[in-house]
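Have a look at the structure below, then the notes.
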């Protein structure tokens, strides 16, 4: 059995700065007094966050950090008649808040009702004079609020209470519940009188509901229209005078107009900004990495190298693919790095360069092979394997940093229609995680191969993904998480999942 020597970085009372290595650089890059021109980093250098240490090792796992983005839990309450897009808004908002690092959960009262009443019969259940139906709906709302309480008192920061909440009496009950538990409340009302939009929503979403599994389309539409009528007579919209003390946003006719009232904190401000950027226009989002680069072939991370001959061939194939899609209004975005720009140049169309789309900054590990990182910075290599999402490269970035950097891109993507984004592996992972609702643990290991285009088509409550390989050979740059992530592991164990390279 081989003796497991402690990594060289463990000698001090805390992990010391990466050691000097003649093969990599002549001066310690962690030294704040080092010349600034030693290595040009992709982004502005970020200070390394050192965790409290014991015997030279981090005392607490980095994932144990609790980041709180709200000063007290927030309850988001939807308001509106059926088929107004409340659940669509709730799901998108939940996905966005989780992506930016705010623990959020949606509580759909309709699902509570379906769990309670196993078989839906007709709109009669929702008639205002149906006392039994009214009693069941109140019980379901109460059960959902109890679950909201449990979630927000157990570490959750935002809960989305997705229901019609069309009466002032119901909203007062929710406000009283929130006050008793110390929660802030923010209402999101969707108002729409466009019959075409309502009809489209019913056809696209409601006909696929478990309520109408055994109904034909015409019968289902007729029943749902009658269900809407059951709510209309008692509907009390949020009023500028009567509800002037409440915090809310009113979305009118699918974003044609907005009314915003009493935004009280940072999280409410971000919610408003997000909701004012989303739309329901059908479109496709094309995402791909740059063509194979010279450093990709050598197994080196980061850097700013140009394309290989195979990478240039991919750029040509990408141009042919995009032309075949027949999209006249397609926008193209790239990073400011050479390899994405060279890929986009082959398209022969205007494109925009975004610095925020640059690859994750590997700091002192820029242009190194994984083998060199393990040799020179074994502790750093192990810590990154332990929590790849939150780990920050010395003088570089973490995936968590990258998500925050990319938030403006997500906002602009939500505003756009058809678009192609040519970016990088880590950036593509972050964008995919948003659209596919992936967790922080899944995000850094999403497979995003070179020379493959991902076509995303937003659908009712999610995103349809098509993966199109353009049949140009390329090196594999995906490294799976190794089984052994201990800082005392052997080099062979650390490098077990490193992809082949020159």
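Note that Cβ sites are derived from N, Cα and C of the backbone, with glycine treated the same way.
Just one of 257, 262, 270, 339 is listed by TrEMBL for the same substrate site as 289, 290, 291, 292, 293, 294, 295, 296, and that one is 339. Long-range C-beta contacts of residue 289 (substrate binding site), restricted to its own chain and to partners at least six residues apart, with a cutoff below 8 Å, comprise 422, 423, 424, 425, 428, 448, 449, 450, 451, 452.
The secondary structure of residue 295 (substrate binding site), as reduced to three states from DSSP, is helical. Mean pLDDT for the domain '6-phosphofructo-2-kinase' (69-282) in this predicted model: 95. Residue environment of residue 339 (substrate binding site) contains 28 other Cβ atoms, counted within 10 Å of its Cβ in all protein chains. Each of 297, 305, 306, 307, 308, 311, 450 belongs to the same chain as 289, 290, 291, 292, 293, 294, 295, 296, 339, is absent from that list, and has a C-beta within 8 angstroms of the C-beta centroid marking the substrate site.
The record assigns 289, 290, 291, 292, 293, 294, 295, 296, 339 to the substrate site; their largest pairwise CA distance measures 14 Å.
In the structure as shown, the Cβ atom of residue 291 (substrate binding site) sits within 10 Å of 30 other Cβ atoms.
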